[in-house]
Amino acid sequence: MAGSATIVAGLLLLVACACCIFPIDSVTIPSSCCTSFISKKIPENRVVSYQLANGSICPKAGVIFITKKGHKICTDPKLLWVQRHIQKLDAKKNQPSKGAKAVRTKFAVQRRRGNSTEV
C-alpha cells in the first residue's frame, strides 16, 4: 500500500510540475504584434512613423502606424493606402532635414611652385 501511494503521489507531483512548465492553452503574443486590423484609412498627416509586425513571430503580419499623439494602429500591409503611407514615410526619412544647411569649409590646396590657395 505504501508503495502504490508513493507512486501516485509522485505522478501527481510530476503532472503538477509539467502544468507549471508547459501551461495548457497559453500562447504569448508579443506587444508589437497585430491581432486585428482597422478598416478605416488613417489620414496621412497624422502618421509620424511605422513598425512592421513580423508574420513569423506574430499571428498576423501587419504594419503598425504611430500617430502624432503616440497611438499605435494596426493596419493590413496588403492595402494600397498602407503601402503609400510607408513609401512617403520612407521618402521623408531619407530627405535631409529642413534645418540642415550646407557647410562651407576652407582648406588649402597645394599648387605648383609651392603656392597655396584658399577655396
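All residue numbers here begin at 1 and follow the chain in the order shown.
Quick reminder: no glycine exception, Cβ is built from N, Cα and C everywhere.
The recorded disulfide partner of C33, taken from Swiss-Prot and restricted to C17, C58, is C58. If you measure from the Cα atom of C33 (disulfide bond) to that of N54 (N-linked glycosylation site), you get 7 Å. For C34 (disulfide bond) paired with C58 (disulfide bond), the C-alpha to C-alpha distance reads 7 Å. Note: the CA-CA distance between C74 (disulfide bond) and N54 (N-linked glycosylation site) rounds to 12 Å.
In the three-state DSSP scheme, C58 (disulfide bond) falls into the coil class.
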